[in-house]
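What TrEMBL annotates here:
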ACT_SITE  E441  active site, proton acceptor
BINDING   T159, G198  FAD binding site
DOMAIN    26-153  domain 'Acyl-coenzyme A oxidase N-terminal'
DOMAIN    156-262  domain 'Acyl-CoA oxidase/dehydrogenase middle'
DOMAIN    295-456  domain 'Acyl-CoA oxidase C-alpha1'
DOMAIN    491-674  domain 'Acyl-CoA oxidase C-terminal'
Amino acid sequence: MSHIKNLIPSTVNPDLQKERAAAEFNVEEFSAWWHGGQDKLKKKREIEKAIFSDLEDGYGLNHEYMSHEEVYNSTVKKVAEAAVKLKALQNKLNPGGTDIWPGGLFNAQSFGLFPANHPVTTHITMFVDVIKGQGTAEQVEKWGKAAENCNIIGTYAQTELAHGTNVRGLATRADFDPKTDEFVLNTPNLEAYKWWPGGLGHTANHAMVVAQLYIADVHHGVQMFIVPVRDSETHMPLPGVDIGEIGKKLGMASVNQGFLGLNHVRIPRTNMLMKFAKVERDGTFKASPASRINYLTMVYTRCLIVSQNSTLLLAAATIATRYSAVRRQSPIEPNQPEPQIIDHVTQRLKLFPEIATGIAYHLATEYVWEMYAQTVQEANDGKFERLPDMHILSCALKVLCTTDGCAGIEKLRLSTGGHGYLTAANLSNIYGNAVAAYTYEGENTVLLLQIGRALVKAWASFVDKKPLSASYSYFASSMQLKEFPKWDDSWQCIIKALQYTAAHKTRIAFENLANRMASGQSQGVAANNTGIELTRAAELHGRQFVCQTFLEQITGAKAQKRSPALNKILENVLELFLVQTVLNNLNDILRFIKLSDADLRSLQKRLEDSLEQFRPNAVAICDGFEFHDRVLNSVLGSYDGNVYPRLFDSAKRSTMNQKPVQTSFETYLKPLMKAKL
């Protein structure tokens with residue numbers, strides 16, 4: 001234990017105290033709004049007090065000095081201990097609910113309980129949800145409750161060594177054997193090994209295996225099968241199962257991602273999820289009424305990704321903003337005291353837009369969760385019209401939030417200078433958790449191409465004057481204009497400019513795709529050669545949606561429930577986000593819209609003004625997110641702002657500092673120093 005622990009003050013750093021006193025809004029009101037109401041905020045605080053108050057000193061940092069195997073086993077212990085707490089809290093605060101248990105295994109509080117992440121996340125977020133969403137009532141009864149209570153632990157095994165985002169290319173086979181009423185699952189080659197499922201390595205004893213279904217050697221598409229992979233008592237791999245962990249990664253040290261090979265593994269026919277597609281006892285196959293119903297699982301997971309990655313971005317922004325209010329360096333005026341680095345305009349540009357971006361994606365996520373709930377309800381009622389739009393929208397949000405979030409977290413790390421490079425700052429762990437989402441549940445470029453193809457298909461319908469869904473309504477409003485109206489600096493003008501640009505980028509991609517096909521290229525080759533234009537149109541399609549949603553959430557009917565002071569702050573956040581979005585996309589906007597030098601200077605001035613207006617409220621806004629110190633787990637971002645004592649304390653905790661001389665000195669270093677080479 002560090003001998004300087006008592007040097008960490010019990011008081012708050014005066015610079016942070018000054019920032020909080022200068023706030024122009026009520027932080028408690030912001031927090032209540034952010035967390036969905038005062039009751040939910042109160043419950044959050046009660047939960048955090050219960051689950052964090054008895055964690056030992058150094059809990060969030062100790063794992064950094066463990067071996068790979070020790071980190072895993074330590075985290076499994078943490079999960080088991082947390083389960084007891086979370087179940088008790090669920091019964092106390094919301095009996096029968098799932099928000100605390102098992103919800104506490106993957107919400108923001110989980111980052112405080114499991115600083116190296118944990119191997120049960122995929123079980124809770126996907127295995128359980130897939131059973132509940134795509135299993136029959138009998139299957140939900142058989143597996144759902146046991147899985148939700150972690151009596152069985154599963155994972156979602158879709159990605160293979162050689163195939164990921166291209167689900168149709170998966171090679172794992174499930175052949176129906178009518179003699180025994182079983183499916184026989186096989187991994188036909190090395191490339192078909194399941195690869196990456198979280199918890200598969202040594203944690204899960206069941207896997208939701210995504211495989212190609214064959215009946216009498218006739219292919220019936222991709223289906224999902226519950227496959228036991230380990231013995232329920234000994235946890236040893238079952239016969240025909242080749243299973244293990246894939247090794248250390250950039251982040252997520254304890255997620256225990258694994259590989260899985262299947263050699264003539266037999267499971268009962270009823271282990272195939274059959275809420276939609278079915279295989280009867282005689283081998284008759286009944287297709288799902290909606291060919292893309294299996295995408296509901298990925299839509300759900302992508303919504304969850306956006307929610308978590310926006311949270312990770314805001315956690316990083318909170319750390320960097322608090323540090324920037326405490327750190328003093330580089331006088332602005334010669335011979336003057338060193339200012340807080342947050343007073344440097346360039347530092348504000350690194351911090352404040354990332355806060356605005358996190359808020360924008362958080363609000364977009366709330367809107368999309370509402371849409372998802374409606375989509376699920378309609379699917380349960382046999383209506384699947386909303387599925388294609390929901391799929392494309394979730395793809396767009398997943399791409400943009402992970403792209404912007406990962407870039408933002410790295411920018412925030414750089415904003416903290418050298419200290420941000422330390423593991424104890426926790427920015428590296430936050431980045432490691434966030435950047436993984438860039439590729440899982442659909443690699444971002446592939447998803448953009450999917451969106452692009454949907455856009456040109458919608459554009460073809462628009463040209464043929466066929467009805468379009470609301471997602472593409474801006475095509476008509478944009479193309480009715482012979483040219484874009486005079487720039488008027490309004491928020492609606494910005495939204496319309498983004499929509500106008502997105503519509504024209506889609507038009508050009510459509511025209512160039514058609515021209516390539518007319519010149520003799522196949523549709524596939526032409527689409528590949530149009531890929532750059534398709535991905536750019538897709539990105540702009542997503543950005544106009546995020547901006548439009550942000551505007552509606554801040555200025556719409558919900559604004560009436562907030563105080564004028566809070567609305568003023570949120571409108572400043574909106575202003576910063578919209579102006580920054582325009583400036584970041586000027587290369588495309590200027591292709592279609594005439595902006596004068598005065599317009600561009602106005603945008604630059606608006607950016608600077610919004611950063612200035614943001615300045616007195618930055619720390620308070622971050623306080624409003626209410627990240628517990630255990631969740632941030634950062635010597636730079638603690639609520640009290642005592643950065644330097646905490647930095648030194650973390651250094652003293654290094655295992656190498658527990659003895660003054662390392663064993664390598666006598667063996668290697670001393671002989672080297674004494675040698676006459």
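A Cβ is built for glycine as well, from the same backbone N, Cα and C atoms used for every other residue.
Please treat TrEMBL annotations as automatic predictions, because they have not gone through curation.
It should be emphasised that the depicted structure is a prediction, and the values quoted were computed from it without experimental measurement.
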To the nearest whole angstrom, state the Cα distance for the pair T159 (FAD binding site) and E441 (active site, proton acceptor).
9
Could you give the number of helix, strand and coil residues in the domain 'Acyl-coenzyme A oxidase N-terminal' (26-153) as assigned by DSSP?
86 helix, 0 strand, 42 coil
Model confidence over the domain 'Acyl-CoA oxidase C-terminal' (491-674), averaged pLDDT:
97
Could you check the recorded positions T159, G198, E441 and say which one's CB has the most other CB atoms within 10 Å?
G198
Counting by DSSP secondary structure, give me helix, strand and coil numbers for the domain 'Acyl-CoA oxidase/dehydrogenase middle' (156-262).
6 helix, 48 strand, 53 coil
Using Cα coordinates, what distance in whole Å links the residue listed as 'active site, proton acceptor' and G198 (FAD binding site)?
12
